[in-house]
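As annotated by TrEMBL, transmembrane segment applies to 50-68, 80-102, 198-221, 241-262. Marked as domain 'Palmitoyltransferase DHHC' by TrEMBL: 153-278. Taken from TrEMBL, the feature region 'Disordered' covers 356-382. The feature compositional bias 'Acidic residues' is assigned by TrEMBL to 356-370.
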Amino acid sequence: MFAVQPPAPANSEGGAAGDAPLVRTYRAWKGNNEFCLWGRLIFGPDGKSILLTIFLVVAPVAVFSVFVARKLLDDFPHHWGYSILIVVILHTVFVLITLVLTSGRDPGIVPRNSNPPILVEYEGNANINNEQTPQPHLPRAKEIIVNGVSVKIKYCDTCMLYRPPRCSHCSVCDNCVERFDHHCPWVGQCIGLRNYRFYYMFVFSATLLCLYVHGFCWVYIKRIMDSEEISIWKAMIKTPASIALIIYSFISVWFVGGLTVFHTYLISKNQSTYENFRYRYDQQANPYDKGVAANFREIFCSSIPPSKNNFRSKILIPKEPSESSRRRTVESLSPMMRKTAGDLELGTTPGYNEFEEEEEESDYADEFTNDEEHGKVSGIGDDMSVDLTRMLHTEGGQREVASLLRHSLWERSSKENGT
């Protein structure tokens, strides 16, 4: 869940922290998701595709109910013909419920960190030859032991965390999802730890619905043949709706039926679609495989873990400085410091942005050379003068220059607030 920082107490100098607005988590969400019912339902960026899926389910069932099931109401003794219509309606409702449960719930999103993890072994004040040692980069991957098997977990730059085992970052939703299976465009949502069960129930029940409609269309054609004593071709001509439904259900069953068979196999092996396509377990044992029966119990009989995100909770959004005050501060700097301050705001290394324009470089090149000859940065006192030639060519020196610039900006801001 998002960490909410408590507001700082009000004081005569800094004002009240209540100036920072409190908003619902779903309004400040950094992923690509869309929310409905004030954060109670979460969809992917392609969540509107669920409307197409609903139409593809409801439309053929409506045609079947009107042109096929209604004609079979009185063709069976003891009013058993009514059961055909009742079953198809109830089955369709079940399919739609599983579709909404798959598409509208948190699939298992791992909350992002506001800051990257800090290496415990790093000491920022260590100096070698009077130069600060550069902070080592976070390793891109780590290995952990799961059920006696070494499993590699990777660092996510977007979410600033090491992903849990079986977790992957969805490029469509822009979230890390636990037990990530795939992103399904038909339901407009990632399929993960918290909705995989409902996804399987959706494709399985949709397969049964296709077979049900397909089968009773043939039953209706057979009834026409027997009642009028005509050939199958003439009987099919008398019910074009049945022909259309037979073709539609035949094509659909290959799609949803294929998914059902494939995911039944994956469940028996306790694999996800992502893991199967990446061939992760060809060279080693699957550490999550508990046997066929236990694997099915894990999917359908275990409790679904609660969401790690409370999308309706209120979080504190820090108030950003106004554009006018920021412009006044930047305009008071020399060209060199204006460029460096912009780099600091963008999170880039001062003086070493490889994507900057050549025109911007020429704006401050002359003054940078002049300051370099004097051995100090304009706007910083003599007691804080630095040797730019030496320091800007080391990563530690770059951070020290950035620290000096921040200190100078803070002093200027303090003086302006004092006046």
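Using N, Cα and C of the backbone, Cβ positions are placed for all residues, glycine too.
Beyond its flanks by at least six residues, the transmembrane segment (198-221) meets 57, 60-61, 64, 68-69, 71-72, 84, 87-88, 91-92, 94-95, 98-99, 101-102, 105, 181, 184, 187, 191, 232, 235-236, 239, 242, 245-246, 249-250, 252-253, 256-257, 259-260, 263, 267, 299 of its own chain at Cβ-Cβ distances under 8 Å.
With a threshold of 8 Å between CB atoms, the same-chain residues lying at least 6 positions outside the transmembrane segment (50-68) that come near it are 43, 85, 88-89, 92, 95-96, 99-100, 103, 186-188, 206, 209, 213, 216-217, 220, 239, 241-242, 244-245, 248-249, 252.
For the domain 'Palmitoyltransferase DHHC' (153-278), the DSSP counts in helix, strand and coil order read 75 helix, 18 strand, 33 coil.
Taken together, the residues in the domain 'Palmitoyltransferase DHHC' (153-278) have a mean pLDDT of 94 on the 0 to 100 scale.
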